[in-house]
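Record features (TrEMBL):
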type     : residues                       : note
DOMAIN   : 38-488                         : domain 'Biotin carboxylation'
BINDING  : LYS154, GLU238, HIS273         : ATP binding site
DOMAIN   : 158-355                        : domain 'ATP-grasp'
ACT_SITE : ARG330                         : active site
DOMAIN   : 566-835                        : domain 'Pyruvate carboxyltransferase'
BINDING  : ASP575, LYS744, HIS774, HIS776 : Mn(2+) binding site
BINDING  : ARG647, THR911                 : substrate binding site
MOD_RES  : LYS744                         : N6-carboxylysine
DOMAIN   : 1112-1181                      : domain 'Lipoyl-binding'
MOD_RES  : LYS1147                        : N6-biotinyllysine
Amino acid sequence: MFIPAAQSAYRTLRKTQPRVRLNSLFKNGYSSKVEYKPIRSVLVANRGEIAIRVFRACTELGIKSVAVYSEQDKMHMHRQKADESYMVGKGLPPVEAYLNIPEVIRVCKENDVDAVHPGYGFLSERSDFAQAVIDAGLRFIGPSPEVVQKMGDKVAARVAAIEAGVPIVPGTDGPVTSKEEALEFCKKHGLPVIFKAAYGGGGRGMRVVRKMEDVEESFQRASSEAKAAFGNGAMFIEKFIERPRHIEVQLLGDKAGNVVHLYERDCSVQRRHQKVVEIAPAPRLPTEIRDKMTEAAVRLACHVGYENAGTVEFLCDESGNFYFIEVNARLQVEHTVTEEITGIDLVQSQIRIAEGMTLPELGYTQDNIVPRGYAIQCRVTTEDPANDFQPNTGRLEVFRSGEGMGIRLDSASAYAGAIISPYYDSLLVKVISHASDLQSSASKMNRALREFRIRGVKTNIPFLLNVLENQKFLHGVLDTYFIDEHPQLFKFKPSLNRAQKLLNYMGEVLVNGPQTPLATTLKPALVSPHVPEVPLVTEPPKGLREVLVCGGPEAFAKEVRNRKELLLMDTTFRDAHQSLLATRVRSHDLLKISPFVAHKFNNLYSLENWGGATFDVALRFLHECPWERLEEMRKRIPNIPFQMLLRGANAVGYTSYPDNVVYKFCELAVQTGMDIFRVFDSLNYLPNLILGMEAAGKAGGVVEAAISYTGDVSDPQRTKYDLKYYTNLADELVKAGTHVLCIKDMAGLLKPEAARLLITAIRDKHPDIPIHIHTHDTSGAGVASMLACANAGADVVDVAVDSMSGMTSQPSMGAIVASLQGTPLDTNVDLRTVSEYSAYWEQTRTLYAPFECTTTMRSGNADVYLNEIPGGQYTNLQFQAFSLGLGDFFEDVKKAYREANLLLGDIIKVTPSSKVVGDLAQFMVQNNLTADQVLERAEELSFPKSVVEYLQGSIGIPHGGFPEPLRSRVLKDMPRIEGRPGAELKDLDFAQLKKDLKESHTCITDRDVMSAALYPQVTNDYLNFRDTYGPVDKLDTRIFLTGPKVGEEFDVPLERGKTLSVKALAVSADLKPNGIREVFFELNGQLRAVHILDKEAVKEIHVHPKANKSNKSEVGAPMPGTVIDIRVQVGDKVEKGQPLVVLSAMKMEMVVQSPLAGVVKKLEIANGTKLEGDDLILVIE
C-alpha cells in the first residue's frame, strides 16, 4: 500500500533538524514523546539476497548502504551492490565470519555507520548482538535487545504467550542441552515430539521424533546443526501437533507502542521443517479464525512492548484451534508475499520506525491495511529434489530468469559464472507472484519458473512446478503433511539441458582429445556432404513393405518369389560400413540420406540397416542409442522393408542369453520398426538357429534363416562342407518354417561356379521359397558370383552403393544394375539415381578417414580363398593387429588365421566364431607359435578367453564336433556345456534390471533395459555418457570426432524447430589449480564457458578421487560438504544401512550410510576434509 501523504511527510521530516520531538497517541489513549533521528547510513550484518533487499530500500530512501563479507564471499554480488563493503572474519570459517560481533561493530565505528540491519539468520535473533550495537552508540533496526532475548528464548516466549492469553503447545520449561534430558521429557510426555533450536529458527536444528530409539541420535544431530547455525546447540522440546497448518502473522510495531498486523501467511508447504512455498493471505482460513489469530498476535506484541517488524507463528489444527509456536523477532524470508498483498515496504518501514516515525505517521493504521489478491513465494534452491534435496554446489554455467507481469525476483549471486559454495544456505532466488486469486497467482508462478534456465547446478524447480500443478495446492487445501503425502511431487521430468551438455562434450574433445578411439592418425575431411534433394512434402512411393504390412510375412515371401526382376538388398546402411569403416558410421549421416533412399529406391527388397556389430558399436563408440537410430530411420523410410542381422540365440551379442532375452529383443525390434530378421548361427548350430527363428516369428517379423557358407562346394576335395551339407541344412530350415532362405557368404568364398551349383541344388528342392544371397567382394569376384546366383534362381542379392562397395564390402550396386539392364532380370533401378546416391557416400566416407580400411588395405585380395577371413572381420582384424604392434606382421596374422581355423576344426567363421579364430591367430603370432606348438603345449598355454569358452561349448557345437585332443588339453577339468548353451539359463528379471538401472540413471526406458540385458557394462557406460554429454548424435561427424576449430561457427539441430547456433571461441591456456581448463563458446549469441578437467595435466596435480557410480563398493559423497564425523575405520565390519560418515554442507548435516554389508577396505577422508559431490569417501569389500 503506497500512501503519498505519509511519504511526503517523511521527506519533509528528513530535511529538518537532526532531532525532532513528535507526539504519538497510543491505542489505549495515552501519548508519549518519541524522538526522531534520521539515519544516514545502514550496515547490513548479513549476506545474499536479504542484504541486497535492504540495500535497495536504503537507496530508495537516500541512505548510504554498507556491506560486510567473508573471505569466501569476496566475489559475491551483495558486496558489489552496496555503496561500501568491508571484509570481516579474515581467517575464520565461512559462517563464523558473519557471527563475529566485534568485527561488525569495528566496521561500523570505523566507517561512520548510523544503524545496523541484521537481516535474517546469522545474528538476527541474537540479543547480545542487538545490545552490542546499541552499546556502540548505533541503532539496531529491529526490536529492543530485551525483546529479542525474550522472544528468542522459547521458554520465555511461552511464558509471555501464557501471560498474554495466547494458546500454547505443551513443551519444556527451559532449553535442553543434553540427550538425557531430551529422553526424560519424551518418556514423561510421550511421542511424537519436535526438537527445535532454542536460539534460532528457519528449520535449522529441527527434528520430529516418533520412535524412542531415535531420540538420542536425533537430538545430537539437531543440536549439532543448531550450534553450527546459531552458535548455541541448546534445544527446546514440545509436543508435535498432527496435521497442522503453519500460519504466521506479520506485525509492525513502533516506539510509541502502536502495533498493527499485516495479515497472515500460510507456510504449510515445507520439508524438513523448512518452508518451500509461502502464500499470503492463507487460503481457506475462516474469517473468525483469522481475526482471533491476528488479534492474539497483536496482543502478545503489545504485552512484550514489541517494536519494528516481527512475526508470530501458530499451528492451526483441523478443528480451527491454533497454538502459539514462537515469535521471529526479525524480518522473515517470506516477508515478500505480505509486501505484495498490502503494498507496504516492510524493510523501509523497519528503517523509518528505527528513525522514530510512528505507524500513524506512516499511514499504517489497521483500517488502512487491506489485503489485495494472493501472492506466492517459491524459494528456488540449489538442491536436488531427485536426490533427497541434497545441496548442490558448483558454478552457474547458465542463468536465465523468468520475469513478466506479476512476478518479482529477490536474488543475489544468480548470474552465469557465479559460484554456489557449500558454506551457506542453498537459496538461489526467491520468486514471488501476485494476482487477483490463488489460481492466477500460481499460473504466473508456473510460467515464470518454466522460463528459468539454470545450468551447472541442480535446483528444486522441477519439484516446485509439481507443487504448483497439484490440485490440492491450487485449491488451498494445505497442511504440513502436504509434501509427505504427495509422493507424485517427486516424480520429475528431468531437464534435458542439451545445449550445455553438448558444449561440455565439445570442450572435452578440445581439451582431452577424441572421445571415441580413432584407428589411425588421419583426420575427418573438412566437407559438408551434398544431400540430393527430394520432395519431402510428398509421401515416398509405395514399396514391398506395404505388402508385408497388409498381408504379413507369408504374403511378403510370396510376392518376392513372384517377382521376375532380380531384387536388391542395399547393405550401405550396415554391413558396407562395418566392412570398410569399422562400423563407425553414425546415425547423423545415415538419416541425412534416408529421405532420398525412401523416394528413389522404393523397389528394393530391403535395406540392411541394423543389428550385428552396429548395435554395440553405437553404444560403445558412437555414444548413441541403436533403438533411436532404428526408430528415426523408420520415420524417414516408411516404404522399404528393413532387415537386421540376428545372431540366433546370441541376439546381437557375442554370447548366449536366456531365451526370454532373445524373444523380448525381437519383440521390441519389431515395435521399433524392424521387418526382416536374417537369423544365423556362427556355427550353423541348428538349436541356436531355430531359437532365433522362433523369436523373430513370434514377434511378427519376416524370418530369413541364413546358412553361413564356408569351404567350396565346387571343389570335390573339400568334403566337410559339401553340397549335401548345405542342402540338408536348407531342408531343416524350410521345415522349421523360414519365410526366406539366405546363403550368408560372410568371407566372399562363393565362387561363380560354386554359386551356380549351390543355388541350383536348393532351388530344385525348394521351388517356392525365396532365396537371398549375401556375400563380400574381398576377392573381387563378387559381381560375377551374384550374377551367377541370379541366373541360377536366386531372388535377391546383396549390394552396396558404388562408393561403399568392393574389397571387404558387398559388390557394387551400379555394376549389378548395369549388368542386368535389358535382360529378364533387369532390376528396374535407375543408374543415374545410383550415381547420385554414390556421390553422397563418396563425400561422407571422407568424414570417417580415421577408420578408413584403405589405410591398410589397398585392394581386394584373392588370398581370402586361403585364409577365409570374413569381410566384416578383415579390416577390424587389420586395425587390431596395428594396435597390438603387429601391423608389419599382418601377412603372418592372415596365415595364422588359416592355421587357427584348422586347429579349431575348420569351423564356420562368422561373429562370434570368427572372433575365436582371430583371437587365436593373433595369440599365435604374438607368441611366435606354430599350429604344432599350440597343440603340443596346449596344457600349459594361457589361451584367449574366447578360445576357452568356445571349446567349453558356450556358443554351440560345431559341425563335426570339437577338435581333439586340443579340446581336452586346453580344458582339462573345466566344465563343458552340452547342447544349446542358453537352454539352461534362468530367465532374466527385466523388472529388477530396470529397477537397478533407475538407481544410477535418469529416464530409463524399456529400450535401455534391453540394451543392458545384452551389454550390461557397455550400456551402463553409454548411459553415464548420455547423462553427462547429452545427444552427441546431433553433432556433425567431424565435430563429434575431433571437435570444432577455434572460431568455427556451426548449427546443431536438436529437433524440429529447435536449432543451436554455436561458435567455438577459445581454450584457456592457463590451468586452474585443480587442473581445470576453461573453454569458451558463443551459444545463440550468448557467451558460454565450460570447465574441463585436463586429464594429462591433472596427473601432476593431486585431486581427490571420484567414486565409480557403477561400483557399489565405492561410497561417494552424496553432496558437497565437510566431513565432521567418521564412524568407521579400515578393517571394520559394516552392515547395509549402517552410518559411516557425517557430512555438513549449507548448515545441513547428512549421515552417509553403507550401501552394502562388508569390510571397510580403504578410507579416503579425514575429519575436516572438504568434499565435492561424488568424491570417494571409502571402499567396502
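Each residue, glycine too, has its Cβ placed from N, Cα and C.
This view paints the features noted in TrEMBL onto the structure.
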residue	record	contacts (Cβ under 8 Å, 6+ apart)
LYS154	ATP binding site	GLY171, PRO175, LYS196, ALA198, PHE236, GLU326
GLU238	ATP binding site	VAL169, PRO170, GLY171, THR172, VAL193, ILE194, LYS196
HIS273	ATP binding site	ILE194, GLY203, MET206, VAL208
ARG330	active site	PRO118, GLY119, TYR120, SER124, GLU125, GLY142, ALA309, GLY310
ASP575	Mn(2+) binding site	GLU608, GLY612, LEU645, HIS774, ASP798, ALA800, SER809, GLN810, GLY871, GLY872
ARG647	substrate binding site	GLY612, GLY653, TYR654, PHE680, ASP681, SER682, GLY692, THR911, PRO912
LYS744	Mn(2+) binding site	ARG678, PHE680, ALA706, ILE707, SER708, TYR709, HIS774, VAL910
HIS776	Mn(2+) binding site	SER579, ASP745, MET746, ALA747, GLY748, GLY782, THR808, SER809, GLN810, PRO870, GLY871, GLY872
Worksheet item: When you look at LYS154, GLU238, HIS273, which the record names as binding ATP, what is the longest CA to CA distance in angstrom?
Response: 17
Discussion item. Counting across all protein chains present, how many other Cβ atoms fall within 10 Å of the Cβ of THR911 (substrate binding site)?
Written reply: 25
Worksheet item: Do you know the DSSP helix, strand and coil residue counts for the domain 'Lipoyl-binding' (1112-1181)?
Response: 0 helix, 38 strand, 32 coil
Worksheet item: Once LYS154, GLU238, HIS273 are set aside, which residues in the chain still have Cβ within 8 Å of the Cβ centroid of the ATP site?
Response: GLY171, ILE194, PHE195, LYS196, MET206, PHE236, ILE237, ILE325, GLU326
Fill in: Local confidence of the domain 'Lipoyl-binding' (1112-1181) - pLDDT mean
86
Worksheet item: If you draw a 10 Å sphere on the Cβ of HIS774 (Mn(2+) binding site), how many other Cβ atoms land inside?
Response: 28
Worksheet, complete the sentence: Residues lining the Mn(2+) site besides ASP575, LYS744, HIS774, HIS776 (CB within 8 A of their CB center) are THR571, ASP745, MET746, THR775, ASP798, GLN810, GLY871, GLY872
